[in-house]
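Single-structure report; data block below.
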């Protein structure tokens, strides 16, 4: 008998005893392409490491392209960036070029007083200390302020005025305050700008806001980092508790699956009910509060997320969503109560399989490690590619009306060029890092390649885990005398088979999924960048395409999952396995409708219960609502940052444990369908299915009369 005959489900081989042992490599061409892509990915990482410099993200950069605060440089003790004329940052070119059109230098501290260059010239003869203080904010060291104001402006050696400032994100920003409801800077509402004009604090605030728009993302990032630094041990504790709860539920499912299911039900309904009550309480508390009646549309997009929680509309929306979810779950319980009995029987059988192969509960940790490596490698390459290149300088004018605006220039010889003469006041400032070499021209292409291979690797790691777990659970199912007939080390054996023989098939399925995901990302990118230029028809088509690709990705994930189970059992290539899995499911479509999706629903409720329990505890802790029991962190910028981290992390931990269950149930279901087609329950061809589960299925009429006889 050949291997092909042994693996063909339509031949109904009487000697079939589980996953085929004698195999050959499948989808070799795709395996070779996958390995070549990984080698290219490694070479891209080395290339990006040679040309990139992450310090360009960590340190501010002056007009000459030098880092502020970098060790081993003249700016080592000058960690703060100072703007010569912050008022020029009101120019429209700030938004276009993401660069303020004024000289920027590195300083050791920010100015603490009001001074102008003209005042320094008058007071220099009587008090030289003012000049000593003022000169530290100049590009070069001067013995005395001998140059005229016009010459200083032309040479751009010193600022024409300084005012009280404070360091913010390693940059000097005005020291604003409010006095009797009036905005002031350094306790003054007006000040001299050094050119003979009187300015007010509102003008200075407008200029600072232009720069802040560029730095908003980094501002939030710093605050989020502070919150993580304060709450990391609480987050870790929450994830450990989530792991313990998930592990406890997995163990209990083996013995009290029915009771535990109702615990899931009551727990989920109770947690959602608590969420509805809290949203209603917050909604009532905002009644009569100023500006609480505004809508999300009125305030627009805000970087401070807490502003949305001060709106009644936000809490009302949350309350409606939770109410709909509560009603949906209750209706599902009412209409699917009979099917849930089958799901409980399947979960019990899955618990036995996991009990006989306990190493499967550890496998999600291995998947997590692989995924962490892939994500970290992708992020590092993306940063190194983004910071590749040499300093590029561009012409910037305060008014933005020069014909040479935004052209490249050389700061060493800029003052002697025709551009400086044609555009008075123009400056040659550092803009970004780039270059004109072949490598720099293809950086966007490298970023796309980096993203695509990242998606391919992520899907491959998930596929490898599914195939390995499927092989282990198939070994359990096709053991006639459990656990005596289960082969030794089934998970390790299945993992080795998947790597040795089916890397190409797993890469093939992952490639299809990664291609769909990259198309979805491109559609999202185009939608964001062309939103203003779209009409209603194009927006409708865009939404249709997004919906179609989402549905396609969902279907492909389902087919891939079952194809990997068939690969683990029969060892055929991806296309044949996908076809046979699809045909098998179509021949048993009633069983798919009754068993598969309902079991997923039960497991999802388990994930929601674990996530909800940890989420409620984290919410009470981070919002200081458990002071009598335990004292949590008291100085958080955004309490929702660690809260969301705990909730998402808890869900991922629960998903890791329950995904083993889901894969176990799916494998048992596929094997069950095969078992019914191969055997009839007689002495010569007995069922491999557990008698208790077979009896439950008989009661639900999921086994044909012929098979029962």
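The chain as shown is numbered from 1 upward.
Just so you know, glycine gets a Cβ as well, placed from its N, Cα and C.
Remember, it's a predicted structure, so these values are computed and weren't measured experimentally.
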Query - Stretch carrying transmembrane segment according to TrEMBL (options 501-523, 524-546, 547-569) - result: 501-523
Query raised in the report: Which of these ranges is annotated transmembrane segment in TrEMBL: 412-432, 580-600, 643-663?
Result: 643-663
**Report entry** Annotated stretch (transmembrane segment, per TrEMBL) among the listed ranges 5-27, 28-50
**Finding:** 28-50
Requested in this report: Have a look at 293-314, 601-622 and point to the one annotated transmembrane segment in TrEMBL.
Outcome: 601-622
Query raised in the report: TrEMBL lists transmembrane segment for one of the ranges 232-252, 673-693; which is that range?
Result: 232-252
Query raised in the report: Given 259-277, 392-410, which one carries TrEMBL's transmembrane segment label?
Result: 259-277
Report task. Could you pull out which residues elsewhere in the chain have a CB under 8 Å from any CB of the transmembrane segment (601-622), counting only those six or more residues past its ends? Result -> 231, 234, 238, 241-242, 245-246, 249, 261, 263-265, 267-268, 271-272, 274, 329, 332, 336, 340, 343-344, 347, 630, 632-633, 636, 639, 642-643, 646-647, 650-651, 653-655, 658, 661-662, 665
Report task. Test the contact criterion for the transmembrane segment (453-480) and the transmembrane segment (232-252): 3 or more CB pairs under 8 Å, pairs 6 or more apart in sequence, then answer yes or no. Result -> no
Report task. Would you confirm whether the transmembrane segment (28-50) and the transmembrane segment (315-336) meet the contact rule of 3 or more C-beta pairs below 8 angstroms, pairs 6 or more apart in sequence? Result -> no
Report summary line: For the transmembrane segment (643-663), the distant same-chain contacts (Cβ-Cβ under 8 Å, at least six residues beyond its ends) come to 228, 234-235, 238-239, 242-243, 245-247, 249-250, 253, 347, 350, 354, 360-361, 363-365, 367-368, 465-466, 469-470, 473, 599-600, 603, 606-607, 610-611, 614-615, 618-619, 622
Requested in this report: State the residues, same chain only, that lie 6 or more residues beyond the ends of the transmembrane segment (315-336) and have a CB under 8 A from a CB inside it; answer 'none' if no residue qualifies.
Outcome: 265, 268-269, 272-273, 275-276, 279-280, 282-283, 286, 309, 598, 601, 605
